[in-house]
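**Student:** Pulled the feature table from Swiss-Prot, pasting it below:
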ACT_SITE  345  active site, proton acceptor
ACT_SITE  639  active site, proton donor
BINDING   118, 125, 126, 276, 313, 549  acetyl-CoA binding site
BINDING   345, 440, 465, 466, 467, 468  glyoxylate binding site
BINDING   440, 468  Mg(2+) binding site
MOD_RES   625  cysteine sulfenic acid (-SOH)
């Protein structure tokens, strides 16, 4: 790119400069020259600090590599290892007890436990669907997934199957019995709903009525009191809307005329600029920034074709009901948010992007760019009116930013300093920008309490990320010896300690009722029955939120937060610390290399297939998050985190002679044919197997494995970005 706009010491891509000046700045009351001058100063002051932190990562890794190489034969004592990490500053002293002081945070984060979506910001349709997933039909979620079995003639089919529909209704009634029980009997027995002297009354077959076991769970309704069209209930802070219409197709089959049960579902959503997107240049970044602007202004729209019809999808409005009881101010209406509360995930400290270069042509850190531009855009989510759009995101004046891939408290402190400088540029009060800390790197896990302390007045979220965290676990100890197989990682000692410690330190530092404690993604997008059975373990473990791959999954996962009162779990866990540093330092090394040749081949093939299936869409289609069938054709929601663990495991096995370079190359060639076949129905797919040497995607996958041990902290972004740019240049893709 040769044509750039000069801004002080910076050279800005015209597509970005024009977007900021013509679209993002109007409505913020910020002068363009003042803004760009501030950008120039922040970049000049903080880029060297960013580079120093990355150099510190490399230095620590080099010291750890040397330490392990000196002991790879004789092994080492855990206490010696722990002392070494302390001596080099990798393991830092834990601070004295404290509580976070974050203020001005929305209820969705502080006092509401529920599902969290993560979606790629480059896809406007996905972003709209996620923002609108605050409310979801339980009937649809059940009918369209394997939560309802096909047994007894209940197959989904192409048209409505009343046998399946009856199963859905029965399941929903059982859910209501658990979440909002009647004073006696079952929701399955009712024939109607009405108000009786301001209280909800359910009519029964014999003409009698029964109220709720806890009358306060009734909070609002729509329509006439004698024949409401909707009834609003609440349990554990989450709302349930029962829709009534005896003439609707489903309501007509229900003796109570109930046509649907709608659950408050995706309470919060992360709009992602990081692991789920392929944004490698100025054009990609501006596409994401423009979608983020539309979400904050409330005017994002997308043409959608469904069932042979085309319509425009927009953001949902808030929902207003007649209140069951007048509010403190005498208000007779109850208004609830119609949309998920939005976070934005910036990129980490590692990557740069050519959207802005300095006077010498060096790309500037992408994380600094994201902080400046996503925060500027976030101002629109704090206001309504001319220039800001009709909707707000935060009702408390905060902009929520998830910051990933931070290594230790110094990097968290740097993020907070960056946010403070951005607030100065934007004229925002200090601590407007809140931070979500991803606990997904080993040095952050080991120093989690110190990381939280570094952001004590900004932090609104800590979250475990098993895949990235495992990738860093492997890379940090790359030279210690061969690691166990990928599937065995979830049952290791350090993983259990990691998941428990995150909750315990969150509670210890005052997160309950003030900030989110989150847990990771359910990746098997089509296996919703398994999710409903298993994912309840996360709220039971104290998580106030956990990641889901779709709006449907959000609605199903919401049921878990009705069954589990997470804040009661917090009271039970308070004062405990279940994970120890010694457990966290237990490296997942294979005790002995007792794998049979076919087991090794299976592991290599599984990982190579996973890598190719993800990378080919990343490189050729610019898709950073998608359902990728595994070697057994089970659809998995994959992003860069899954790629990191797979490539790092194979790099580790290569390092220690478990496999050879030729084993990897042969597996990649075999698996390329498998991935080609899995994508055969896609007319735009470019097969890899016929010419692997000519496939940039294939070469990228191979490089990720063969060069995996040399990648900074095992990250995949440097290779992916370079190869995607190569593909775009070769294909004239904009």
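The backbone N, Cα and C atoms fix where each Cβ goes, and this holds for glycine too.
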**Student:** Same-chain residues six or more away whose CB lies under 8 A from the CB of residue 313 (acetyl-CoA binding site)?
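**Tutor:** Residue 313 (acetyl-CoA binding site) has long-range Cβ partners 125, 128, 129, 132, 301, 302, 303, 304.
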**Student:** Rounded to the nearest Å, what's the C-alpha distance separating residue 467 (glyoxylate binding site) and residue 639 (active site, proton donor)? Just drop the number here, would you?
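**Tutor:** Per the Cα atoms, residue 467 (glyoxylate binding site) and residue 639 (active site, proton donor) stand 10 Å apart.
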**Student:** Listing them in sequence order, which of the recorded positions 276, 345, 440, 466, 549, 625 have their Cα within 10 Å of that of residue 639 (active site, proton donor)?
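**Tutor:** Of 276, 345, 440, 466, 549, 625, within range: 276, 625.
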**Student:** Taking 10 A as the limit, how many CB atoms besides its own sit near the CB of residue 345 (active site, proton acceptor)?
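**Tutor:** Looking across every protein chain shown, the total is 25.
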**Student:** Need the DSSP three-state call for residue 468 (glyoxylate binding site) to compare against my parser.
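**Tutor:** Where residue 468 (glyoxylate binding site) sits, the three-state DSSP reduction gives helix.
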**Student:** For residue 276 (acetyl-CoA binding site), which of the listed binding-site residues (440, 465, 466, 468) have their CA atom within 10 A of its CA?
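**Tutor:** If one measures from the Cα of residue 276 (acetyl-CoA binding site), no binding-site residues come within 10 Å, so the answer is none.
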**Student:** For residue 125 (acetyl-CoA binding site), just count the other CB atoms lying within 10 A of its CB, please.
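**Tutor:** Result for residue 125 (acetyl-CoA binding site): 14 other Cβ atoms within 10 Å.
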**Student:** Rounded to an integer, what is the Cα-Cα distance in Å between residue 440 (glyoxylate binding site) and the residue listed as 'active site, proton acceptor'?
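**Tutor:** Between the alpha carbons of residue 440 (glyoxylate binding site) and the residue listed as 'active site, proton acceptor' there are 14 Å.
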**Student:** Do me a favour and check the Cα-Cα span between residue 126 (acetyl-CoA binding site) and residue 466 (glyoxylate binding site); whole Å is fine.
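**Tutor:** Roughly 24 Å, rounded to the nearest whole number.
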**Student:** Relative to the Cα of residue 345 (active site, proton acceptor), which of the binding-site residues 118, 466, 468, 549 have a Cα no more than 10 Å away?
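**Tutor:** So the list reads 118.
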**Student:** Which secondary structure state does DSSP assign to residue 549 (acetyl-CoA binding site), in the simple three-class scheme?
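**Tutor:** It is coil.
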**Student:** About how far apart, in whole Å, are the alpha carbons (Cα) of residue 468 (glyoxylate binding site) and the residue listed as 'cysteine sulfenic acid (-SOH)'?
**Tutor:** 15
**Student:** When DSSP is mapped onto helix/strand/coil, what comes out for residue 125 (acetyl-CoA binding site)?
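**Tutor:** Note: residue 125 (acetyl-CoA binding site) is helical by DSSP.
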**Student:** Once the chains shown are all counted, how many other Cβ atoms turn up within 10 Å of the Cβ of residue 468 (glyoxylate binding site)?
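**Tutor:** For residue 468 (glyoxylate binding site), the count of other Cβ atoms within 10 Å is 26.
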**Student:** Just to verify: the residue among 440, 639 with the fewest other Cβ atoms within 10 Å, which of the recorded positions is it?
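**Tutor:** Candidates: the recorded positions 440, 639. Fewest Cβ atoms within 10 Å: 639.
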